[in-house]
Amino acid sequence: MATCWQGLWAYRSYLLVFFLPIFLLPLPILLPRREAYCAYSIILMALFWCTEALPLAVTALFPIVLYPMMGIMDASEVCIEYLKDSNILFVGGLLVAIAVEHWNLHKRIALRVLLIIGVRPALLLLGFMLVTAFLSMWISNTATTAMMVPIAHAVLDQLHRTPTGKDVEEGSENPTFELQEPSPQKEVTKFDEKDNGQVHPVPAASLEPSTAQQQEQFRFSQGMSLCVCYSASIGGIATLTGTTPNLVLQGQVNSLFPQNGNVVNFASWFGFAFPTMAILLLLSWLWLQSLFLGFNFRKNFGIGGQAQERARAAFRVIQTEHKLLGPMTFAEKAVSVLFVTLVVLWFTREPGFFLGWGNLAFPNKDGNSMASDGTVAIFIGIILFLVPSKIPGLTPDPENPGRLKAPPALLNWKTVNEKMPWNIVLLLGGGFALAKGSEKSGLSEWLGDKLTPLENVPPPAIAFIICLLIATFTECTSNVATTTLFLPILASMAQAIHLHPLYVMLPCTLASSLAFMLPVATPPNAIVFSFGGLKVSDMARTGFLLNIIGVLVITLAINSWGYPIFNLHTFPSWANTNNTANNLATTPSP
């Protein structure tokens, strides 16, 4: 019997893929309408995304097959949704991020900031959180975590070791900077004169001053690991390209409300999300410090002789690693200039509170910019393939003696193909296709009619409940899948109760990044958990309160500075899809 259950469990993915479509068939059979057909497709895809019976990107391709067969949309209409402007923005932003990572510029930034902030326990925690959050604003959360966790463990190794001799004076290259699993039992060598100078390994634990101090150091290591993965998730919400759910929101808004006037762009998102990220990061630092360092501020800030010695030893490690990078190369300088140029162009394209270069140089008939954030990202991405990685000149070709060779470009397609997550492009496209299918089939309108009783609920309460729901849901499913499923439903609800759509869509998007409780919730959590030293209970206990803090901060943001940035106090005319005369003007929301 046990063998039978084990066999079924081993084949669970195949069984789910086969039986779930059959199990849901009564819905389209009993209700032969386009709304029911679309609901069948969405529920089926939602279950496949939640169970991961198929790869997420493969499930995202279902609308291409199901929508034409069910008469919801033409195949040509569905396929267009898979390469919208938000997908192009994602690809262009990642081209620059790949170049930054390829030339190791992110590690130079991280080490430089840590040298400035210092390595006293409380400041070290803050320093790693600031660096990780900043890097995850521009490059993937996973890559940021994979780089920062080994650096954190190397610094802690020096901080918890009594500094002596050469380590204090010169520092040394620490092998834990390499991304690898740390061994469960570290060993140090001991020189024994009685055995003719033979070296014997001695467990490091036996050299610890006391069990209490060992426990204290272990807790600090836990806190440091968690601070890296949490700040990677928090930092990603600050920019439109920082994490994929942000781009899902932009794409869904542009798909569901074509006349929105580009209300969600890089500048408007940054103005709303960056203060939210900063407050959440500060509160997270205070929570992690109180939980893992305690309230002994004299000790936390490294006041005392032995603490200062250990801090200096850890500082030497960072300093040595920074020196090993050498001076900035031409490639690093060129990537830095292009990166800064990209950010400046994003901010000044169409900021809204003054005429940007897009309005002035490339206006359409309404005066809006014809160039998008994706246009800018692809433009800078193309330049990366044109600029040489060394000061222009000719060098001997090692493969063909006697011939000269030009230096390679800053970016090549082989590197891009290896590091570009093409599956996310399909996943984004599948989400946009779902939203469009809901609109075309009438499912969105039907859902909106069913949600009209929510008019009697105060909008702040709606935003708070949505945040709690999404923060819970995203612990078990992909944050991209979560936003893809919920945003069209929330948009329909907002239309039904005449509430600004962004008032409910923004909290949903931000809350989808609050995946702090489980190792499987997000890749940064999984990376930190794989390094050891953490239990699921440790992450769940720490992440639970952090989720509550995140929900409260997002609720504060949407009900304060979010109002003037997105005019949330009104029900915009572009949100009305009925195009009736009495709703063309902007009217106050309840």
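Cβ from N, Cα, C; glycine included.
Please treat TrEMBL annotations as automatic predictions, because they have not gone through curation.
Annotation source TrEMBL lists region 'Disordered' at 164-185.
Among the features that TrEMBL reports, transmembrane segment is placed at 12-31 (among others).
Long-range Cβ contacts of the transmembrane segment (43-67) within its own chain (Cβ-Cβ under 8 Å, at least 6 residues beyond either end) map to 12-13, 16-17, 20-21, 24, 27, 37, 73, 75, 78-79, 81-82, 422-424, 426-427, 429-431, 433-434, 437, 476-478, 480-481, 484-485. Positions annotated as transmembrane segment by TrEMBL: 43-67 (among others).
Look at TrEMBL and you will find 87-105 (among others) tagged as transmembrane segment.
Taken from TrEMBL, the feature transmembrane segment applies to 117-139 (among others). Using a Cβ-Cβ cut-off under 8 Å and counting only residues 6 or more beyond its ends in the same chain, the transmembrane segment (117-139) has close neighbours at 93, 96-97, 100-101, 106, 109-110, 145, 147-148, 152, 155, 159, 220, 223-224, 227-228, 230-236, 238-239, 241-243, 277, 281, 284-285, 288-289, 293, 297, 299-302, 307, 311, 314-315, 318, 339.
Here the transmembrane segment (266-288) has Cβ contacts under 8 Å with residues 125-126, 129-130, 133, 223, 226-227, 230-231, 234-235, 237-241, 246, 250, 346-352, 373, 506, 510, 542, 545-546, 549-550, 553-554, 556-557, 561-562, 565-566 of the same chain, all six or more residues outside its ends. According to TrEMBL, the transmembrane segment annotation covers 266-288 (among others).
The transmembrane segment annotation in TrEMBL covers 330-348 (among others).
The transmembrane segment annotation in TrEMBL covers 368-387 (among others). Long-range contacts of the transmembrane segment (368-387) within the same chain, counting only residues at least 6 positions beyond its ends with a Cβ under 8 Å from a Cβ of the stretch, are 85-89, 91-93, 95-96, 99, 240-241, 261-262, 265-266, 334-335, 338, 341-342, 345-346, 349-350, 356, 358-359, 361-362, 409-413.
The transmembrane segment annotation in TrEMBL covers 485-504 (among others). Residues 42, 46, 49, 248-249, 252-253, 256-257, 263-264, 431, 434-435, 438-439, 444-445, 447-449, 451-452, 454-455, 459, 462-463, 466, 470, 473, 558, 562, 566-572, 575-577, 587, 589-590 of the same chain lie 6+ residues outside the transmembrane segment (485-504) yet bring a C-beta within less than 8 angstroms of a C-beta in it.
The annotation transmembrane segment is assigned in TrEMBL to 510-532 (among others). A Cβ distance under 8 Å defines the sequence-distant neighbours of the transmembrane segment (510-532), meaning residues of its chain 6+ beyond its ends; these are 141-142, 144-146, 149, 153, 181-182, 184, 225-226, 228-230, 232-234, 236-237, 243, 245, 273, 276, 466-468, 470-471, 474-476, 479, 482-483, 539-540, 542-544, 546-547, 550-551, 554, 557.
Distant neighbours of the transmembrane segment (544-566): 230, 263, 268, 271-272, 275-276, 279-280, 283-284, 287, 460, 463-464, 467-468, 471, 500, 502-503, 506-507, 510-511, 514, 516-517; these residues of the same chain sit at least 6 beyond its ends, with a Cβ under 8 Å from one of its Cβ atoms. What TrEMBL records for 544-566 (among others) is transmembrane segment.
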